[in-house]
Structure formats: structure tokens, C-alpha cells
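Asker: Starting off with a structure, shown below.
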Amino acid sequence: MKGDSEAVTSMRRRLVLALGGILLVCQMISVFWLWHESEEQIGLLVDKSLSAAAQNMQIDQEINEAIASLSIPSLVMVILTLLMCFQAVSWITRPLSRLQEELQDRTAENLEPLPQQSDIKEIAAVTHTINQLFQRLDETLKRDRQFTADVAHELRTPLAGIRLHLELHQQQHQIDCSSLIKRIDKMVKTVEQLLLLARVGQEFSAGHHENVAFLKDVIFPMQDELAEMLQKRQQRLKWVLPQEDVTLHGDATLLQLLLRNLVENAYRYSPETSQITVSLNTQQHVELQIEDEGQGIDESKVGELSKAFVRMDSRYGGIGLGLSIVTRIAQLHNGKFFLSNRPQGPGALARVVLTTPDNYPDAA
């Protein structure tokens, strides 16, 4: 422990040593120059062989050299001091730059402790404090995920019991409970999505990822299911897909859930016999787009629509968690979710920008 404490230096100490070294070097240059000029002047005074005219000429020359000996070293020292101070500050603040790069390159889900790479006391203290903050945030997020999983798990059994009771009540008393049963089914589906999101979210935080081929593992397995869903309202599903597949780090099940929720949201808010277009762009990054032909959205409330329990229109079914789950899945994949109106014609445009291993976009 004693050796470690002695190895740790202070930023203030480094700054004082650097400035002290700069001042010492500049002062030595000035002293050497003045000593050289003083030696010439003393030699002139003791030289008796010079005539009066020669002495006056030499005196004038020495005066000019004395002025130059004061002004030129001062200018040189100012320039050298600025250059050396710049280099010293760069040397002292280099650990801060490394710390900034380490934090800037991190994703929102990466709460691993920062490595202690600096022997400067202040930098080590900041790194330790940030690591403590990461630990508290990680524990809070784990508690939130566990709470979500526990609540969702506790809701599954009573919801199944309520559904069974409604079916028996409908059979025995000839009462139409189909609308209530449909609501129960939607709640069960939402609970299962929350359970899935909580489980995979914990795996993501632990660093467990897999390589996902977006067309093969996400799009193709969902095409029949989504087409069957849209047939209930005679809606058409158009696919605009690239020829080549693209691979990213993530979870195929979560990405399928993201696609299902976006298409289901468009299906719910689009009129019958309308068209829903699903496009995948992989030129610069993975961008999934879902366009519908509904009434569009109020763009002043875009930030509210992706929050939990907020619905676009209370006339339609749903709990209001679909877009919130989409936002969370996009964040887990180091991506972003955007919702706006279509540029051409009525309808909404949902965009999910995801990252590939070699590309981290900053979408606007």
C-alpha cells in the first residue's frame, strides 16, 4: 500500500514542477546572455589602448547590445514559455483526454468499471467516483428489471384464471364475454413481452450478445405472421428489402418483437384496405422503416407517444406499452427510435436506426 501511495502523484505537483522547470530554463538563458554582455563591457573598460573616439564608438555599440540583450531574450523567453506551457498542459491533461475518450465510446448499457490507467491522484479520484456511480446505476437498473419481471410473472397466473373464468361464465350463462377475453389476451401478450424484455435486458447488461442476420433471423420468420394479422382488416403488407443480408450484435427475439409492435401499431391506426410498407435500408446503417396510411400523428406530442401507457388514440385498443417497448429494444441495441408523419401523403413514419459492429450512426 505504501508503494502504491508513493507512486500516485498529484496534478498540482506536476503543474508546479512543470512551471518551475520552465522558469528555471528561461532564467538560465537570460543569465547566460547577460553574463556574456557584461564580460565584453568589463573588457572594454580595462582596455587602456583604445582612443577616446574608439571608446565612444565601443560604448555606443555596447549600449545597443545591452538593449538587445534585454529585449531579445525577453521575447524569446515569452515564446518559449508559451510553447513549453502548452506542452506541459497537454502532458498534464493527457489522462483527462483518455478518460473522456473512454466515456465517449461507451454505450448506454455499458456500466462496467473504468480501468485505473492514471497515476495522478485527482484523475484516480474522479475515476473511482465514476465507478461508484456506475455501480449504483447498475444496481438500480437491475432492481427495476427484476421488479418488472416479478410483476409480470405474478400477473400471468391471475390473468389466465380470469380468462378461464370468463370462458366458463360465457358457456354457462350464455353471456357474450368475447370483448373482455380479447382484452385479457392483450394483457397476457403485454405481460409476456415485459417478461421477455426484462430477461433479455439482464443478459444484455451482462454482455451476452449474438450475431443476428436481420433478414434471415428477424424479417423472414415474421412475414407470414404479420401478413395473417393484416388480413383481418384487408390491409396489404409491402416489403422493400435489400438483396444482401446485414449482421449486427443483438437478440433476434427482441428484434422480432420490435418489428411486430411497429407493424401492429400501424395496423391498429390505419384504415381497412390500406397499405403498410416495411423497408430495410442497410447502406450506411441498419434502418427499419414502417409507413402507414392512417391519419398521422400530432408531432408536438412525439416525445409523449413513446412513453409507457400513452396511446395515440383512446378509441383503439391497447395498453400503451408497444412504442415504449420498441424504444427500449432500440436502446438495448445501441439504436434510436423516431416517429413522424410521412413526407408524402397522410400517415405515420416509424424509423428505427440500429448499429452494426463497424458503424455507430448519429441519426438526426
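Every residue gets a Cβ built from N, Cα and C, even glycine.
Residues or ranges marked as topological domain 'Cytoplasmic' in Swiss-Prot: 1-14, 87-364. What Swiss-Prot lists as transmembrane segment is 15-35, 66-86. According to Swiss-Prot, the topological domain 'Periplasmic' annotation covers 36-65. Residues or ranges marked as domain 'HAMP' in Swiss-Prot: 90-142. If you look up Swiss-Prot, you'll see 150-358 marked as domain 'Histidine kinase'. Look at Swiss-Prot and you will find H153 tagged as phosphohistidine.
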Asker: For the transmembrane segment (15-35), find every same-chain residue at least 6 residues outside the stretch whose CB is under 8 Å from a CB in it, and list them.
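Answerer: Same-chain contacts beyond the ends: 69, 73-74, 76-77, 80-81, 84-85, 88, 91-92.
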Asker: Count up the helix, strand and coil residues in the domain 'HAMP' (90-142) according to DSSP, in that order.
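Answerer: Secondary-structure breakdown of the domain 'HAMP' (90-142): 37 helix, 1 strand, 15 coil.
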Asker: For the topological domain 'Periplasmic' (36-65), what's the mean pLDDT in this predicted model?
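Answerer: Overall, the topological domain 'Periplasmic' (36-65) comes to a mean pLDDT of 63.
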Asker: Just to be sure I understand the packing, how many Cβ atoms besides its own are within 10 Å of the Cβ of the residue listed as 'phosphohistidine'?
Answerer: 13
Asker: Can you check what DSSP calls H153 (phosphohistidine), collapsed to helix, strand or coil?
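Answerer: The residue in question, H153 (phosphohistidine), is helix (DSSP, three-state).
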